[in-house]
Amino acid sequence: MSSALPVESIKSLSDQHPKPSDLHFQYGTAGFRTIANTLDSVLFRVGIIAALRSKRLDGRTIGVMVTASHNPEPASSYDDNGVKLVDPRGEMLEASWEVHATAISNAPTSDALIEVLQSLVQTAKIDLSKPANVVYARDTRPSGPALVAALEDGFKAMGATARDAGVTTTPILHYFVKAINTKGTKYSYGDDSEEGYFQKLSNAYKKLVAGKTPQPPLIVDCANGVGALAGENLKGYLGDALQLILENTSTTTPGALNNACGADYVKTSQKLPPSLANILQPGQRGCSLDGDADRLIYFYLDDRGVFHMLDGDKIAALVAAFIVELVKVAGLEDQIKVGVVQTAYANGASTKYLAERLPVKCVSTGVKHLHHAAERYNVGVYFEANGHGTVLFSQPTIDTLAEYQPSTPAQSRAVEHLVSLTELINQTVGDALSDMLFVEVVLSHKSYNGEEWDSLYVDLPNRLAKVSVPNRNAFKTEDAERRLVSPDGLQSKIDDLVNRYQGGRSFVRPSGTEDVVRVYAEAALRAQADELAMRVAGLVYDEAGGDPASRPKEFL
Ligand code: G16
């Protein structure tokens, strides 16, 4: 193996993937994400970055996922796509490499690219004689295959050994990365195949619900995305243990992905996907995945047919309380401390409910922030209100569970359940299918229907809005994104508005995945939450210097 960069092969392939001169790329909250037909050079370069990252980590396998998750896929050339890198334990790319990825993606020419790469090799002390191993996958977007071809050219340029995991969900790709890197060790995460993943989840689920009355069938809105394929697979492994009714499974219909369906639609519009209107019956549970199946939102219709949403906050409350109870029954309260991590989007009522029972921490939006904060607890439960989340069991906690000698049958059952939960939960990243099974386990143990789960606490009415602005980077935040530091003076105007609403709370932050600024507001009454959101959005619009002619009417 050569110990120098393969300059000629990088150059000649890079010339086939030129960077558009007028664009600036940024590795953000969810990797690179923008209009698909501008991403060719980015994908090629991500192939190179993945290979270098693997070499830097002694040849450990790095993951690459091509997806734009919940973003729309209009049937036009303006559909979004994206790509993100996964580090060896299945977690998001280390922050310092996000900066390298951004610099590499913006080198204007092939020669400039070589220069940036050379400098990275030096500063990051990369031993180029090490092997490079990568595993990659994509979601169902039509733009995926061409982008994957560019990515493969990046691997080829570096001589990396790359395994194609095909079309699969983001969480399955994360699972693969961890499974490959722990293979044959005492920390083996599971077999590095889809079969291994589905077996692991379904076996754990079956153990956890053994002896319980089977749950009524569950309607699953697959967002017309890759979750439909994984859901179909999972159904087969679950057999009679849980009946899944998969809806919105049109993975090949142009423009159908995330369109009026999926977790983001349900969370943002607070409505049932119209496609489920004649399917979901009063009293029945349903849930929505997003386009790459890493988010989950539940819902139900009450007796009067009124829609109720059970979002990431409600999931956190349900599962955290269940884990705390198991730890207590097991007699491990003193050794295993459970904590919860949320973001500013968490409903104020959920934070109050959780904080009365557990330590709760608020961090900035973005899985990496939540994941790292959750790692500080023995058992860290993290969920974003948008339905992205998971539970992390620290290695010492897993060891404690393995070594513990229960003294009663009840203790022993509780420990067995906790061990099964460590198998059921995809601890690498939020996983809609794994989370869905976890929720079903808790509902089954507690004999809760949707309404009983919902009654754990009452959500404060809230509203999300987004505002298109000429430059979202002009918006800078502090205090876990709860306050703006720029544009100058805007936060005090928001404070003045918020003070006029009973139970009012609102914040503004630039999105990391879309070219917009997001606005969140909550208040004691629904009409007030809506009004506050619209008024704050109006302030944002004015402050950002948007064209008055395009000022949205409802903001006036
Ligand atoms: C990604 C991130 C999430 C984040 C979401 C929206 O989700 O992984 O942590 O909440 O984007 O981020 P923003 O408000 O900055 O656009 P996904 O499901 O799109 O990968």
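Including glycine, each Cβ sits where the backbone N, Cα and C put it.
As given in TrEMBL:
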ACT_SITE  Ser69  active site, phosphoserine intermediate
BINDING   Ser69, Asp290, Asp292, Asp294  Mg(2+) binding site
BINDING   Glu384, Ala385, Asn386, Arg509, Pro510, Ser511, Gly512, Thr513, Arg518  substrate binding site
DOMAIN    109-184  domain 'Alpha-D-phosphohexomutase alpha/beta/alpha'
DOMAIN    198-296  domain 'Phosphoacetylglucosamine mutase AMG1'
DOMAIN    311-448  domain 'Phosphoacetylglucosamine mutase AMG1'
DOMAIN    486-537  domain 'Alpha-D-phosphohexomutase C-terminal'
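Structural mapping of features recorded in TrEMBL.
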residue : record                                  : DSSP class
Ser69   : active site, phosphoserine intermediate : coil
Asp290  : Mg(2+) binding site                     : coil
Glu384  : substrate binding site                  : coil
Pro510  : substrate binding site                  : strand
Arg518  : substrate binding site                  : strand
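Less than 6 Å separates the Cβ from ligand 1 in the case of Ser69, drawn from the recorded positions Ser69, Asp292, Pro510 in sequence order. Put simply, Asp290 (Mg(2+) binding site) is 10 Å from Asn386 (substrate binding site) when counted between their Cα atoms.
Taking residue pairs at least 6 apart in sequence, the domain 'Alpha-D-phosphohexomutase C-terminal' (486-537) and the domain 'Alpha-D-phosphohexomutase alpha/beta/alpha' (109-184) share fewer than three C-beta contacts under 8 angstroms. Nearest neighbour of Pro510 (substrate binding site) by Cα distance, taken over the recorded positions Ser69, Asp290, Asp292, Asp294: Ser69.
Site extent for substrate: among the recorded binding residues Glu384, Ala385, Asn386, Arg509, Pro510, Ser511, Gly512, Thr513, Arg518, the largest C-alpha separation is 17 Å.
Of the recorded residues, Asp292 (Mg(2+) binding site) and Gly512 (substrate binding site) place their C-alpha atoms 17 Å from one another.
A Cβ within 8 Å of the Cβ centre of Ser69, Asp290, Asp292, Asp294, the residues given for Mg(2+), is found for these other residues of the same chain: Thr67, His70, Asp139, Thr169, Thr170, Gly225, Ala263, Leu289, Gly291, Ala293, Arg295, His388, Ala432. Close to Asp290 (Mg(2+) binding site), meaning Cα to Cα within 10 A, are the following recorded positions out of Ser69, Glu384, Gly512, Arg518: Ser69. Cβ environment of the residue listed as 'active site, phosphoserine intermediate': Ala30, Arg33, Gly82, Asp139, Thr170, Asp290, Gly291, Asp292, Asp294, Arg295, Thr513 lie under 8 Å away, each six or more residues apart in the same chain.
Look at the domain 'Phosphoacetylglucosamine mutase AMG1' (198-296): DSSP puts its residues at 38 helix, 14 strand, 47 coil.
Under 8 Å, Cβ to Cβ, and six or more positions away along its own chain, Gly512 (substrate binding site) finds Gly28, Thr29, Ala30, Thr365, Gly366.
Of the listed binding-site residues, namely Asp290, Asp294, Glu384, the sparsest CB environment within 10 A is found at Glu384.
Helix, strand and coil counts from DSSP across the domain 'Alpha-D-phosphohexomutase alpha/beta/alpha' (109-184) read 42 helix, 13 strand, 21 coil.
Per-residue pLDDT, averaged over the domain 'Alpha-D-phosphohexomutase C-terminal' (486-537), rounds to 95.
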